[in-house]
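**Student:** Quick one: structure below, then a few questions.
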Amino acid sequence: DFLQEGEPTSARCDDLAALKSKGCSMEDTENPRGSKQVLEDREVTGCKIGAAEKLKPEAITQIQPQKLVLKLRVGEPQTFSLKFKRAEDYPIDLYYLMDLSYSMKDDLENVKSLGTALMLEMEKITSDFRIGFGSFVEKTVMPYISTTPAKLRNPCTGDQNCTSPFSYKNVLSLTSEGNKFNELVGKQHISGNLDSPEGGFDAIMQVAVCGEQIGWRNVTRLLVFSTDAGFHFAGDGKLGGIVLPNDGKCHLENNMYTMSHYYDYPSIAHLVQKLSENNIQTIFAVTEEFQAVYKELKNLIPKSAVGTLSSNSSNVIQLIIDAYNSLSSEVILENSKLPKGVTISYKSFCKNGVNDTQEDGRKCSNISIGDEVKFEINVMANECPKKGQNETIKIKPLGFTEEVEINLQFICECQCQGEGEPNSPACHEGNGTFECGACRCNEGRIGRLCECSTDEVNSEDVDAYCRRENSTEICSNNGECICGQCVCKKRENTNEVYSGKYCECDNFNCDRSNGLICGGNGICKCRVCECFPNFTGSACDCSLDTLPCMASNGQICNGRGTCECGTCNCTDPKFQGPTCEMCQTCLGVCAEHKDCVQCRAFDKGEKKETCSQECMHFNMTRVESRDKLPQPGQPDPLSHCKEKDVDDCWFYFTYSVNSNGEANVHVVETPECPSGPDIIPIVAGVVAGIVLIGLALLLIWKLLMIIHDRREFAKFEKEKMNAKWDTVSQEAFICIRGTVV
């Protein structure tokens, strides 16, 4: 009886809240949880240089735990802590791989004594150090080398004595005898090639994959790559007619790489893979000229470093020490390939309180010997494997052989699925397995209780049971007909459910209010809202609560309307507002009661004659001054009024209505009348003003006359000067005429 009619059996699975709301008790609910179990948890060890008891490399532990089991349920992460401690006196294997092309001639002389000198320096770091040596030149085909017989015997020019060109040679496998290193390296000779880039990638690949021949142990593995030139990589082999990709396998015969003419150079990605698989940390010791190239290469190869090699390799020991300290001071975690649907995330807890997440959460820097750092690792399954099989992943620090092995077990079924009752009587006479409260039908049987046989069912007869009267729709188009019964569709939103004998009902197609089904105030059942108490309406949007309609005077809608769905419906159309308190066309309280207060308090005004008939609807109290009037803050609504009487005097009063509906008026017994004007100052002021204005006008007239007179005098003087000049001119003319005659 848990499922509604028409609901599919899958509806028995849901989130906890939904199951609880449907009445499923927690005792009847299966909710398996993920877990973690540590199987191997050896403490990290710390041995010191000079300790009496020297531990074997395999007995040293730098990472904890070593093995655990995680049971993963989809969407539920499991978290565990990983501890890393850099051990003191940890063994080191160092392989020196050198370019023996002609340009490295002077470098070879300095490397010949490298073995014993490097041994002495490395004893300060570890008491267990081994060193090896290898050399490379180039592929032994054109156009990388000259293939003439003479050049194959001695690729150098002039009287230089050089050895035949070769691709890669393992001169000395890893050994703890520094003198042997010096002896064998001292016998090496320079060779030569034609082009500038060298075949170093072929040599690195063989050093990485030929572990037995090189003699690598499960300890810190360092590869020093020394050159003064660039490198060939995948695709360059086509110049020599070599098209087969590098196979990443060991091809050493008598310590010589024999397949350089057959396989192309490895790609950078291929080298990264093999170096990582074999836990080899690379140190590129290159000259200043090629620093930029190898620094870019370093960014592509994890746990690698670049050092600047002097022109004759005299600084190679210090370069190796510095690069080793740089590499060993950083720990970077990497994991093996994850199964489909599984994700992993890291959070680091490094020195000095430095914490990081995401990609930076995989690493810690500036780690000294003996320092301990922690990582929090989160593993989550987003889907179940198709077959539900267990998977194994591994996590390890780059450059270290130690690793954490994690066995992933996926919880993809409830426990009750393994406790089913085969051929149960609950499934129609044993035609199915009763598990997890439902029937899983045997082959050939269908129906909720496996009551139908697929061979006996006639589809037309069955469909008739799944149609409503006078309808052609099977299961209302919201389900499918199985064994004469409707099994309703499931919606993407698990909270939305079809139900009913014909899947005609649902819980999401009811009326809405404010965007919510049933306004959020009811439950949708078969497309009809069932409202919570105090709500009504088709969308449960009508509240029966009268509190929103309550006015401040304690009356519902101020006695001027009715409360409907929590809103006042004002019966008098001139009133409006949430509680019918506003009237745009009405006089205010003060103006409305002004005349009645005036006639009762001062026996005057328009209603003086009818005061006893029209103005007895309130109680009146006289007070001495405005300070004695009631002030705001009392329980009853209060209005303060200031009005003018017939004598243009101001009178003050308050109007209030108590909870019993009684009106109370408090009025100041003495109106404020304005005093008459003072005549003498006014008259004196007017006379003084007239006199001053007259004087001002006289002064202005006098000023204008002075200006006019001066202008006229100036004009007169000018005309006078002009008349005098004309008289002098005529007299001069008469004198001249007299002389000529």
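Backbone N, Cα and C atoms are what each Cβ position is placed from, and that goes for glycine too.
Okay, these came from TrEMBL:
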DOMAIN    1-414  domain 'Integrin beta subunit VWA'
DISULFID  Cys156-Cys162  disulfide bond
DISULFID  Cys427-Cys439  disulfide bond
DISULFID  Cys441-Cys450  disulfide bond
DISULFID  Cys452-Cys466  disulfide bond
DISULFID  Cys481-Cys486  disulfide bond
DISULFID  Cys483-Cys518  disulfide bond
DISULFID  Cys505-Cys510  disulfide bond
DISULFID  Cys542-Cys549  disulfide bond
DISULFID  Cys563-Cys568  disulfide bond
DISULFID  Cys570-Cys580  disulfide bond
DISULFID  Cys583-Cys586  disulfide bond
DISULFID  Cys590-Cys599  disulfide bond
DOMAIN    590-678  domain 'Integrin beta subunit tail'
TRANSMEM  679-701  transmembrane segment
DOMAIN    702-736  domain 'Integrin beta subunit cytoplasmic'
**Student:** Whole-number Å only: compute the distance from the Cα of Cys518 (disulfide bond) to the Cα of Cys563 (disulfide bond).
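**Tutor:** Given the Cα positions, Cys518 (disulfide bond) is 21 Å from Cys563 (disulfide bond).
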**Student:** If you measure Cys481 (disulfide bond) to Cys466 (disulfide bond) at Cα, how many Å is it?
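**Tutor:** With the alpha carbons as reference points, the distance is 6 Å.
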**Student:** Could you check which of the disulfide-bonded residues (Cys162, Cys439, Cys466, Cys483, Cys510) sits closest to Cys580 (disulfide bond), going Cα to Cα?
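**Tutor:** Spatially nearest to Cys580 (disulfide bond) by Cα position is Cys510.
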**Student:** Among all the protein chains here, how many other CB atoms are within 10 A of the CB of Cys580 (disulfide bond)?
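**Tutor:** Its Cβ has 24 other Cβ atoms within 10 Å.
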**Student:** Across all chains shown, how many C-beta atoms besides its own are within 10 angstroms of the C-beta of Cys162 (disulfide bond)?
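**Tutor:** If we count other Cβ atoms within 10 Å of Cys162 (disulfide bond), we arrive at 20.
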**Student:** Using all protein chains shown, find which of the disulfide-bonded residues Cys583, Cys599 scores highest when you count other CB atoms within 10 A of its CB.
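**Tutor:** Counting Cβ neighbours within 10 Å, the top one is Cys599.
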**Student:** Which residues in the same chain, at least 6 apart in sequence, have a Cβ under 8 Å from the Cβ of Cys452 (disulfide bond)?
**Tutor:** Arg445, Ile446, Val462, Ile482, Cys483, Gly484
**Student:** Within the domain 'Integrin beta subunit tail' (590-678), count helix residues (DSSP H, G, I), strand residues (E, B) and coil residues, in that order.
**Tutor:** 20 helix, 28 strand, 41 coil
**Student:** Which whole-number value in Å describes the distance between the Cα atoms of Cys466 (disulfide bond) and Cys486 (disulfide bond)?
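**Tutor:** That separation, Cα to Cα, works out to 6 Å.
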**Student:** Distance check, please: Cα of Cys563 (disulfide bond) against Cα of Cys162 (disulfide bond), rounded to an integer number of angstrom.
**Tutor:** 112
**Student:** Across the whole of the domain 'Integrin beta subunit tail' (590-678), what does the mean pLDDT come to? Round it, please.
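**Tutor:** Result for the domain 'Integrin beta subunit tail' (590-678): average pLDDT 82.
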**Student:** Provide, as an integer number of angstrom, the distance between the C-alpha atoms of Cys510 (disulfide bond) and Cys450 (disulfide bond).
**Tutor:** 34
**Student:** Take the C-alpha atoms of Cys156 (disulfide bond) and Cys542 (disulfide bond) and report the distance between them in angstrom, rounded.
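**Tutor:** That separation, Cα to Cα, works out to 103 Å.
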